[in-house]
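Participant: This is the feature table in TrEMBL:
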- 226-277: domain 'PAC' (DOMAIN)
- 278-352: domain 'PAS' (DOMAIN)
- 354-405: domain 'PAC' (DOMAIN)
- 645-697: domain 'PAC' (DOMAIN)
- 698-769: domain 'PAS' (DOMAIN)
- 771-825: domain 'PAC' (DOMAIN)
- 833-904: domain 'PAS' (DOMAIN)
Amino acid sequence: METRDLFYHIFEASPVPTVILQGNYPDIRVLQANAGYIALTGRPSHEIINTSFFIKEPHPGMHLEAQGLSDVEQSIKEVYLKKQAVKTPVQKFLKPLAAISGVETLYFEATNTPILNTEGQIDFVIRTLQNVTDIVIAREKEKQKDAKLIDNERFLRETQKVARIGSWEMDSNNRFYWPDIHYEIMEVEPGTEITRDFGLTLLKGQRDRDIFEDLYKRAVEKGDYFDVELNVLTPKGNERWIRFTGKGELVDGVFKRMYGIGHDITKQKLTQQALEDSRNRLETLIQTVDGIVFESDAQTLELIFINGHVTDLLGYTPAECIRRPGFIDKLLYPDDKADILSQAFKQIHERENYTGDYRVVKKDGTEVWMKVSVSVIRENGAPKWLRGLMMDITASKRISELEHIEKQVLELNARATEPTTTVLRTYLQGIESIFPEMICSIMQVKNGHLYNWVANSLPPDYQAAIENLEVADNTGSCGTAAFKNEKVIASDIANDARWVNYKQIALQNNLRACWSQPIVNAGGTVIATLGMYYKSVKWPTNDELKIIDRAVYLIQLILQNRSDLELLEEANFLMRQSQELAHFGSVQLDVKTRELTWSNELYNIFGIDKTVKPTIDLYYDFLHPEDKDMVMARIGNFFKTHEDFVSEERIIRPDGEVRNLRTWGRIKLDHHGEPSKVIAAYMDITQSKRIQEELAASETRLRNLVESQTNYVIRIDFNGNYSYANKKYKEDFGFANGTDVVGTNAMAFVQPHQQQRIVEVSQKCIAHPNQVFEAELEKYGKDGAIKYTFWHFICLTNSAGQPAEIQCIGIDVSDRKKAENERERKTLELEQSESRYSDLFHLSPQPMWVYDVETLQFLDVNIAAIQQYGYTRDEFLSMTIKDIRPADKLGELYEANEKGRLQKDFFVGVFTHKKKSGERIQVEIKRNTIPFKGKSAHLVLANNITERLIYLEALEKQNKRLGEIAWIQMHIVRAPLARVLGLIDILENHDNDPVDTAFLLKNIVSSIHELDNIITDIVRKAEQATLNLS
């Protein structure tokens, strides 16, 4: 075979598409093209060879893009200019497919190599097309993968920025490596080198530095895990709270690094601190309330909270009250318990809140009155909790009851026919009913001895033992009090020296304490004693001492008035005022002689000695300057009209004390109709006046309280007219011109369609006084707009118990109405949102599921997950996420859950899963935390990346082999090819003898065989790389 034929066969058999170009630029023609090039064009050879290159290349069947044509022309031009090999950029070709209608996209890299003659001019250009389609596709896939990684990294950075969380690492040289988010959180200049020492300077206090040093030591020495919250002060002076979690890593016992997560929890910490401060303020407020603050279960009444005042007021510690079933039963007074509980449960279920006065039993067994105000807290419309306040009203309750009893006693005493004993017995019975632990006794003093007078509850054998007791020192409490004319308190009879000779009979009758006070007549002589016995050792309180003084005074008054029948006969009209008596004195004036006669008590009232002779001028001197003119005018009118009078005046006693007096006056006429005697009575009402002023002030405070209420308070008479309306009601519903609504008809403010409802509720109120009825009304406001209101109607009664007027307390529930409407709208939106979520979840092409954070149980799963794993929906919902993990990969699950707990919400990871068939797959998990049907759950998206991982592994192997091929092509192929070209040049251009020619041909053949082996090896490796990739 001749040399040219040999080279032609080599050229033709080359798997690399090659074309030989000849001519002077730009007139370039195709001299020759091998089979690979012809096949690539899809056209017959005669249409390619000996034709213009720039017209035929690229040939129409190859469809080179416009930019590719420009690159080809530029590369050829550059070859002729530089006379050296030039590569063109990778070009895209669309190769027609013969079997089917269509094209195949290929990518080629062209090398244009010039062949120079002896004069250095280009004889022809060898253009080879290297098929780099697989490389381009692989690179494109790598670009997509890189873009995906970039997106993931951006998403991670954004997630970290939003969550203010990021990883960190410290190496064995104590250098920290931070993501950008930590520089932002710590307010450190980006790029600053972070060392352990620098990190310590960021910690605010020594406590935090000590904590860090300790966890650092444990992490370095043992690789311990840690989770701490540290207080940081940034270089800009801002305080941060950072939660650091992580662990140390040891290799063969040597510390390598410490790593973990840092989370900015400043906002949560500040919120937590604010809540704690608010709670502390509330607890302080509760403890400072002068009463018992409590919270209890609305169904069982079992206490779940009570403040420390329960110890002060009832004797129980909070621990003795809280979570103690039956404690409320024990607390309530036995005789009242059934009615109280019945009414309480009724009010709990019918009303939002209520108030009541109840008798309760203290820990020591004594009885007290408590005012209980309760708010009912509801959940889903049902009473859930009771929160309220208990105030001790024992003193005021007893004073009120005592005043009522005293009124009855004074009315009874006003009846001359009633025996004194009956009056006194009635009074003692009343006192004992108010103070059940008290046993009262009145003993009469006669001829230096004591005699039982009235004792309703004192044991008969004890009364017999003390009958005719001598009035002397150390003769018990009553005998000693009568003897010394002073109050005697024997708090412990068993150990009191005054009871040495009498304690045995007292203790036998279970009498442990006795307080006694003498009762004296107008002349100061002891006529009786009042004794108060107790069955336990007891010291009197200030309130009890006041009760004793009050009782003694009233008894003294009764006895004085009963004994002074002559004064009673002349001043009978004064006795009709006996219910107002307290510090009562009388005066008589003989009009003709102008002589005044004062009672002893009147001297006491005016604060002067009984030796002072009273005169009219003296009386005038005592009058308060501001009242003197009024009194003198009243007396002048009195002598003109002869009419009885009642008035009030003030006097100034010698000690400077101002006293208030109430005066009753009557004038007696002689048979000529002329004044002969004036009878007047004076009662010191200073104390009651103060009480009245306090009550007036209290009434004012209560009125102000009502007026300042955000609730509405009105009263309506039986004609439907307003008799009262508080400020809030007038502001919202009064007349626009400011006219008072009081006196106008209430129906004018009610919408017509609800007026019949008001009539019906009012009729029910009147038929059932003191019961609460409810109504919800739409009322016209001042501006004409409708307000939605909720009302409690109750019919109030007069002192005779008859219906008097209707009281209504209402609240503005417009916001609630709006909230209900808004809630309905939100509910509809939520249903629509849930529907969209369901469609998005179940129709997603990506496998997704929801599982319980605590139990790991599947809660929901979409169709794509069912298809990917092979389980049915019912099977999934009966499984946990552990069931789709291979047994040897459960450790990854637990570790991922722990990491997920640290990362809180968003989590990404790659894990091995197991299908129902047992096939293992690699999945990329993206997980976030969501609420799901009242549970904390994780939403998971599982992307099957098994094929992608296999492909990437194959791609790496192919890249390695392609690198080997490229190296072979660049280095090994060039050596034999250069030898062949050189030998051919010698044969063509030099005269050789037959021996040289044979030698040259032998070397050419040898080089060609070497080149063939190299090309065969390249093809084999390329095919193997392609097979591995596929």
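Note: Cβ is positioned from N, Cα and C throughout, glycine not excepted.
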Participant: Per DSSP, what is the residue tally for the domain 'PAC' (645-697) in helix, strand and coil?
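Facilitator: Per-class counts: 12 helix, 30 strand, 11 coil.
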Participant: Averaged over the whole of the domain 'PAC' (645-697), what is the pLDDT?
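Facilitator: Per the prediction, mean pLDDT sits at 83 for the domain 'PAC' (645-697).
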Participant: Of the residues in the domain 'PAC' (771-825), how many are helix, strand and coil by DSSP?
Facilitator: 12 helix, 31 strand, 12 coil
Participant: Report the listed stretch (226-277, 278-352, 645-697) having the maximum count of Cβ pairs within less than 8 Å of the domain 'PAC' (771-825).
Facilitator: 278-352
Participant: What does DSSP give as the helix, strand and coil breakdown of the domain 'PAS' (278-352)?
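Facilitator: Breakdown, helix to coil: 40 helix, 11 strand, 24 coil.
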